[in-house]
Number of protein chains: 4
Amino acid sequence: MSSQDVLIHSDDPCHPANLICTLCKQFFHNNWCTGTGGGISIKDPNTNYYYLAPSGVQKEKMTPEDLFVMDAQTLEYLRSPKLYKPSACTPLFLACYQKKDAGAIIHTHSQNAVICSLVFGDEFRIANIEQIKAIPSGKVDPVTKKPMALSFFDTLKIPIIENMAHEDELIDDLHKTFKDYPDTCAVIVRRHGIFVWGPTIDKAKIFNEAIDYLMELAIKMYQMGIPPDCAIGEEKKHLKMASP
Amino acid sequence: MSSQDVLIHSDDPCHPANLICTLCKQFFHNNWCTGTGGGISIKDPNTNYYYLAPSGVQKEKMTPEDLFVMDAQTLEYLRSPKLYKPSACTPLFLACYQKKDAGAIIHTHSQNAVICSLVFGDEFRIANIEQIKAIPSGKVDPVTKKPMALSFFDTLKIPIIENMAHEDELIDDLHKTFKDYPDTCAVIVRRHGIFVWGPTIDKAKIFNEAIDYLMELAIKMYQMGIPPDCAIGEEKKHLKMASP
Amino acid sequence: MSSQDVLIHSDDPCHPANLICTLCKQFFHNNWCTGTGGGISIKDPNTNYYYLAPSGVQKEKMTPEDLFVMDAQTLEYLRSPKLYKPSACTPLFLACYQKKDAGAIIHTHSQNAVICSLVFGDEFRIANIEQIKAIPSGKVDPVTKKPMALSFFDTLKIPIIENMAHEDELIDDLHKTFKDYPDTCAVIVRRHGIFVWGPTIDKAKIFNEAIDYLMELAIKMYQMGIPPDCAIGEEKKHLKMASP
Amino acid sequence: MSSQDVLIHSDDPCHPANLICTLCKQFFHNNWCTGTGGGISIKDPNTNYYYLAPSGVQKEKMTPEDLFVMDAQTLEYLRSPKLYKPSACTPLFLACYQKKDAGAIIHTHSQNAVICSLVFGDEFRIANIEQIKAIPSGKVDPVTKKPMALSFFDTLKIPIIENMAHEDELIDDLHKTFKDYPDTCAVIVRRHGIFVWGPTIDKAKIFNEAIDYLMELAIKMYQMGIPPDCAIGEEKKHLKMASP
């Protein structure tokens with residue numbers, strides 16, 4: 001085995017090289033990354049190397065051999081697959097690692113994100129739904145010093161930026177959202193999809209699932225006439241049809 | 001193997017420790033417990049121990065090692081996983097065991113339950129659908145002494161309670177529904193999800209599936225203009241668009 | 001192995017006892033027989049024995065041991081499972097075997113069938129869709145003597161009967177549809193589901209899939225304002241919103 | 001093994017005979033080829049033989065033994081399965097091989113294609129969606145000489161032709177679209193489905209997935225009032241209900 005291949009071969013299903021492939025397959029079946037769309041990057045917590053899914057690969061068929069591995073300090077590729085080019089998302093993933101201290105980033109072409117970006121303006125908002133409690137608030141518990149989640153009565157706000165011809169052109173708007181929404185763990189790209197990050201891949205996956213659930217629910221609420229950030233008890237005033 | 005681990009290790013796929021994991025995985029793929037939402041508890045019919053899914057775990061990846069085991073008499077934990085905290089649902093599960101003689105409780109964040117809670121007031125109602133016959137009526141057959149199911153011509157009624165900041169705050173409203181709806185096997189929590197219980201995990205699973213089917217159908221009926229508890233033969237009067 | 005168990009044990013995945021279990025599992029994941037709803041019966045072409053799924057079983061967990069086997073001549077059970085009762089559908093399945101020369105019958109609680117039964121009157125109709133060509137016309141090719149399918153320009157018509165408190169009460173209306181629709185391979189039961197049969201289980205499965213596809217499509221057409229039996233070229237006149 | 005069977009037996013999962021079966025199974029579970037609908041053909045890049053799925057087979061159960069193999073020069077069958085007839089799509093597949101230099105063709109009965117054919121006139125159009133970048137533009141990069149994809153700001157246009165009683169009657173309209181839309185990689189057949197081709201089966205699969213994603217999205221946009229080829233920033237003017 002070459003020294004490059006040591007980086008991607010492991011019997012541990014939780015090794016970044018294996019986990020990226022498992023999750024890409026799972027996300028493909030969620031309709032989140034069909035047609036080679038979307039991608040995942042994980043920082044190995046032991047080596048600080050970045051593992052990156054390549055461009056143009058069928059996400060449900062990806063294997064560890066298809067991955068790029070990058071040194072977090074030098075940003076040089078320690079390993080490149082023979083067949084594929086780096087993903088155009090790579091600069092965006094690096095920005096999340098460097099500015100948000102991310103441990104992993106998930107990018108999907110979820111239709112729920114695209115539809116929300118068509119219906120909402122510059123910000124996706126949903127409030128008073130239990131599933132919001134899966135999303136971090138950005139605050140720290142003063143006693144335990146642990147990160148606190150949003151509460152049921154909070155409003156989740158996710159910024160929406162405009163899409164560009166090339167993904168690397170999104171970088172300025174991404175940095176702007178880091179300033180304007182310092183606590184967000186996600187950015188929706190209009191007519192494109194969503195980027196979600198977290199301190200670990202487990203957290204990023206949970207945040208992404210919870211946000212997709214909430215975007216799906218928001219679309220259903222909107223279609224029935226209920227604003228997704230509607231106050232509790234005000235729902236029936238907004239219903240297009242009378243409550244049964 | 002430690003004495004604690006004996007509680008959760010079994011080759012029997014129907015052992016509570018194995019069955020909770022199998023069902024959580026199945027429910028994850030139903031979009032019922034993504035983002036660590038939802039949970040299951042089963043009472044072992046042999047030992048009367050309660051098996052409980054923990055808080056914050058990815059439900060499709062859960063293993064028997066992740067479970068809590070509680071003594072039904074002392075309510076002390078006989079086994080606790082190293083990584084996880086008890087689910088905030090635990091007091092609600094205990095109430096179902098103690099007041100409703102449940103053998104198992106299922107809690108999901110089903111979007112069908114959340115949408116029904118936004119459209120309906122204090123009670124979900126659907127009538128005259130074959131699938132209703134999977135739900136218990138609370139009555140006992142005078143001859144066979146066995147529990148009787150709802151009939152096709154009955155109306156299924158499930159109470160809807162308001163969500164709170166913390167799940168343990170739901171306990172008073174849950175107890176109130178036990179009094180007001182003595183025959184119900186389920187409670188919908190507005191903007192949150194649903195709790196379903198039964199005398200065995202097999203029954204609880206069947207009730208939960210049938211109720212989710214009926215909530216999904218009720219939403220479709222509502223969207224076409226038909227009240228889900230509409231009398232047989234009255235459907236066409238309510239259709240938003242003419243019958244084809 | 002007892003003489004009864006010989007009837008249900010085979011290494012052939014196409015043996016009726018194995019195929020019923022495989023298909024019930026597949027149909028469960030289609031949301032066609034959750035909550036123990038629905039059922040399948042297959043006539044063994046070698047022995048003419050009827051294989052029947054029992055009542056009340058979780059369809060995705062069914063095994064050959066759960067099946068009833070009935071003699072086609074005497075209508076006596078050659079084998080009964082210990083845990084389960086015969087399905088209430090059994091008299092309806094027998095009617096299809098005896099009057100329609102069926103080789104297999106599929107019964108589902110498909111929500112597409114239930115919704116169509118709420119929207120349509122006494123007959124489901126859809127026309128001019130390629131998938132119709134999977135459904136038999138009841139006519140025989142004068143040259144090849146083989147059964148002919150519907151053509152693209154035909155209208156598929158499926159009778160809808162009213163549901164009753166007990167499934168055996170459907171028998172009179174079922175016999176009536178056999179007379180009124182001598183060529184139909186399916187009957188929709190309002191607010192309940194659908195029965196589909198064919199000369200073999202392969203054919204019955206294909207008919208059921210094609211009909212469910214067509215019912216799903218008909219609902220989508222109806223919701224956009226297009227009558228499902230709309231003439232070719234007339235669609236745009238019916239659209240609720242202008243063609244894009 | 002007979003000389004005919006050598007053509008279809010390989011341990012390589014990417015051999016055309018194996019890949020057609022794998023993809024048909026995957027497409028069946030996408031609801032793209034239920035009820036024996038749809039089909040796939042792959043040209044073996046080594047031998048130039050055409051591998052063709054037969055007519056009337058259950059697509060999720062197909063095996064290499066069920067396939068036809070045809071010589072690309074003589075158009076004679078090198079291998080025919082015992083049980084099945086050639087697909088009625090065969091002349092259309094041959095046209096794509098001969099006129100479009102296709103390496104593979106995918107035909108589905110996707111409901112998204114059927115619905116788009118009912119809503120749109122003679123052309124499906126969608127613009128300014130990231131997923132469009134998976135579709136070839138027909139242009140060649142002047143520097144790299146490689147095929148270029150559509151850009152985010154382009155409009156994807158797919159011709160829609162009328163369905164006929166028999167699939168071979170579609171051939172004239174198919175040839176006409178080859179002239180009128182020289183860069184298209186797909187043709188929608190009204191009330192029927194879609195044909196998608198590419199230089200390799202991997203490319204054809206990616207194009208088909210991306211187009212199906214875009215048709216699904218276009219239907220959702222249309223239902224909210226937004227023309228799928230709407231200019232960026234104009235969405236809110238078209239929304240049926242106010243932006244939340």
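All residue numbers here begin at 1 and follow the chain in the order shown.
Backbone N, Cα and C define each Cβ position, glycine as well.
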Item checked: Among C:His9, C:His15, C:His29, C:His192 - the residue Swiss-Prot places in the same Zn(2+) site as C:His107, C:His109 -> C:His192
Next item on the list: Round to the nearest Å and give the CA-to-CA distance linking C:His109 (Zn(2+) binding site) with C:Cys89 (substrate binding site).
Entry: 13
Note to self: Tell me the coarse DSSP state (helix, strand, coil) of C:His107 (Zn(2+) binding site).
What the structure shows: strand
Notebook entry, point to check: How many Å lie between the Cα of C:His107 (Zn(2+) binding site) and the Cα of C:Cys89 (substrate binding site)?
Noted result: 8
Item checked: Cβ contacts of C:Glu130 (active site, proton donor/acceptor) (under 8 Å, same chain, 6 or more positions away) -> C:Phe152
Notebook entry, point to check: In terms of Cβ proximity below 8 Å, which recorded positions out of C:Cys89, C:His109, C:Glu130, C:His192 neighbour chain D?
Noted result: C:Glu130
Note to self: Less than 8 Å, Cβ to Cβ, versus chain B; work out which of the recorded positions C:Cys89, C:His107, C:His109, C:Glu130, C:His192 satisfy that and list them by sequence.
What the structure shows: C:His109, C:His192
Next item on the list: Return the recorded positions from the list C:Cys89, C:His107, C:Glu130, C:His192 for which some CB of chain A is under 8 Å from the residue's own CB; sequence order; 'none' if the set is empty.
Entry: none
Next item on the list: Measuring Cα to Cα, tell me the gap between C:Cys89 (substrate binding site) and C:His192 (Zn(2+) binding site) in whole angstrom.
Entry: 12
